Amino acid sequence: MADLIGLTTHGRDVERSEVLPTRGHPAPDTITKLVKRLRALTLTLLPVEVDPESLIEPTSTIITQEVITAYRAAAGDFEQALPYCLLRARAEFMWDANHNPADYGENYGRAVACEVLARKIAHLFPRDKLTDVMSTRYQHLQIDGDLSETASALEMAIDQHCIVFLSSSEAQEVVNALWNGELVQVNNKNNDIDYVPYSQLREHTFISRIDASRMSVPRYQNIFRIVVWLFFLVVYSQAVREPLERIDITHPFDVWEIILYFMALSFAVEDTFRFFKLLHFVVWWRAFSFWNIIAFIIDALLVAAFALRVAGISAANDDAGAHWRLSSFQVLSFVAPFIWMKLVTIFDGYKYIGTMQICVARMLKESGIFFALLSVLAVGFAQGLYALDAADGTIESPYTVINVLIQALLQSPDYSKFSASPVGLLLYYFWNTVTAIILLNILISLFATAYSDVVDNAEAQYLAFFASKTIGMIRAPDSYVYPAPFNLIETIFIVPFENLPLVHLSEKNYAKLNRFVMSFIFFIPLTVIALYESTFTSDFGNKNRWVESWFRGDDEGAEDAVENRNPTVDDMNCRGMEISKVPFEELVKVFPNTTQSTEATILKEVVELRKKLDLVLEKLNA
């Protein structure tokens with residue numbers, strides 16, 4: 001079987017440039033059958049529970065080269081779809097694990113095995129086929145017979161947060177190409193997408209590189225977002241100073257307020273579009289992540305501040321106007337912590353900030369247990385204290401009870417509030433004990449566990465996060481990206497030419513309109529991008545190689561090249577002297593096989609020794 005797949009005895013791919021079958025795109029029924037076959041193989045491979053760490057190890061005694069060979073052979077002529085199908089099988093095993101707690105360990109181990117196999121099999125594909133393997137989109141048949149959403153292996157891994165697969169060099173090679181714009185997204189007639197090299201779409205000239213589509217490149221989108229958000233912070237800081245600089249309470253919006261609310265509207269439109277995109281393209285609960293909720297709070301507060309400001313301007317008298325104006329700036333001031341908090345998401349393309357964001361998100365996720373217990377206990381204690389307060393026939397505001405409970409939770413209890421009621425004081429003591437000693441320690445332990453889980457595997461976690469961020473920027477089938485605040489121009493002036501019947505343009509003319517408008521609006525950014533790409537990432541041979549080396553440092557390339565194994569000496573001062581007196585092939589004969597575990601190596605040597613003993617016994621008997 002190893003010869004059929006094209007592997008050596010050590011499992012290495014002999015022909016990295018072999019031509020894989022490229023016959024028709026497999027139908028959903030074919031993909032479903034392959035997934036079921038892989039599930040059957042995995043059930044046979046792991047009939048019992050195993051430690052997931054033993055599957056992830058590079059020298060795993062379970063995921064051996066022979067097992068990888070068997071899985072590759074199991075795909076037949078559809079080997080290119082194998083990583084996608086393995087990740088699909090992983091999703092099904094995870095569903096089984098989450099819905100069958102008794103067999104959670106067994107099914108989770110099988111899911112991990114599928115992910116590890118997908119990573120190792122992707123490593124065996126030739127490099128020129130890697131983009132197709134990662135980005136080709138497939139469908140499968142769901143249990144009810146309907147077709148699934150179209151997805152690629154890379155998208156399937158992102159939706160499942162497969163850190164083992166996404167942290168591989170193969171996945172990151174495609175992700176980095178998408179991030180840098182070396183691969184670009186092209187929409188086809190079936191509302192599907194393909195990834196093609198950008199160098200095949202444009203000539204290698206400075207003028208041709210001034211291309212409006214480059215605004216959709218994730219790296220340039222990220223830089224543009226950073227600049228816009230920093231400008232927004234400046235605008236917000238000036239807008240909240242307006243009450244100090246103007247005494248006339250009925251004065252209309254000043255310039256800073258106009259810019260602030262214009263940008264706020266654009267961010268609200270962008271966040272709304274992103275929310276519905278998440279609902280459509282990924283699992284629905286991912287649309288309600290912590291940072292999406294923060295964005296919703298920012299948008300809601302800015303809209304409320306704007307509404308109150310308008311109410312103050314249009315008020316019938318000065319007193320009412322002053323009241324609404326004060327409320328508007330109070331709400332606007334309340335936005336500040338959330339705006340500065342969102343800086344974390346703006347700069348999360350940098351590794352340190354991204355890792356910190358992962359830690360925060362994981363801690364907040366783990367704290368759900370704490371807040372669930374806290375909410376139940378808080379309702380019980382609030383009801384008990386309120387009933388004790390009402391026992392004497394007079395009651396205070398319910399907010400008073402809520403206030404003293406929150407003060408106690410924040411380590412500032414007010415015991416004098418219940419000094420007249422021994423039972424109430426006892427109950428208040430009990431609340432302080434439960435929150436300060438039990439619940440807060442549970443929260444601390446949850447935070448510590450979440451932090452250690454992320455930090456112990458920080459590299460893989462960040463690479464998976466970076467892949468999700470990159471694909472999230474280009475996943476929606478949008479050929480013309482107008483970053484905020486310019487998305488309002490698209491919404492008001494461009495979109496009607498696509499949707500409204502009376503002014504509807506053909507696809508070709510609509511594309512021309514978008515290119516013209518984007519080239520005009522983003523002329524300066526596009527010129528900077530074109531200058532950067534034509535100077536530092538030039539395709540004109542080695543014309544600007546020295547500039548690239550100057551900025552990026554030395555890149556030795558593949559140290560395992562054939563010419564590096566047995567170098568010759570061309571030094572005139574060292575005639576007759578050689579480096580390669582001992583050939584490279586002889587040197588490596590004494591090296592251990594690090595692709596196998598110690599147990600597998602010992603077992604192999606025992607088998608070879610047994611064969612020799614059998615041969616000796618056979619000769620002695622003869």
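Cβ coordinates come from backbone N, Cα and C, glycine included.
The domain 'YVC1 N-terminal linker helical' annotation in TrEMBL covers 31-209.
If you look up TrEMBL, you'll see 223-239 (among others) marked as transmembrane segment.
Summarising the annotation, TrEMBL assigns domain 'Calcium channel YVC1-like C-terminal transmembrane' to 255-536.
What TrEMBL records for 259-276 (among others) is transmembrane segment.
Look at TrEMBL and you will find 288-308 (among others) tagged as transmembrane segment.
Within its own chain, the transmembrane segment (328-347) is flanked in space by residues 225-226, 229, 232-233, 236, 239-240, 242-243, 291, 294-295, 297-298, 301-302, 304-306, 308-309, 311-312, 353, 356-357, 360, which lie at least six positions past its ends and keep a Cβ under 8 Å from the stretch. If you look up TrEMBL, you'll see 328-347 (among others) marked as transmembrane segment.
Look at TrEMBL and you will find 368-388 (among others) tagged as transmembrane segment. A Cβ distance under 8 Å defines the sequence-distant neighbours of the transmembrane segment (368-388), meaning residues of its chain 6+ beyond its ends; these are 395, 398, 401-402, 404-405, 409, 418, 421, 423-424, 427-428, 430-431, 434-435, 439, 442-443, 446.
Annotated transmembrane segment per TrEMBL: 428-451 (among others), in sequence order. Counting only same-chain residues 6+ beyond the ends of the transmembrane segment (428-451), those with a CB under 8 A from a CB of the stretch are 359, 362-363, 365-367, 369-370, 373-374, 377, 381, 385, 404-405, 408-409, 411, 413, 415, 417-418.
Long-range Cβ contacts of the transmembrane segment (513-532) within its own chain (Cβ-Cβ under 8 Å, at least 6 residues beyond either end) map to 206-207, 209-212, 214-215, 217, 220, 224, 479-480, 482, 486, 489, 493-494, 497, 505. According to TrEMBL, the feature transmembrane segment maps to 513-532 (among others).
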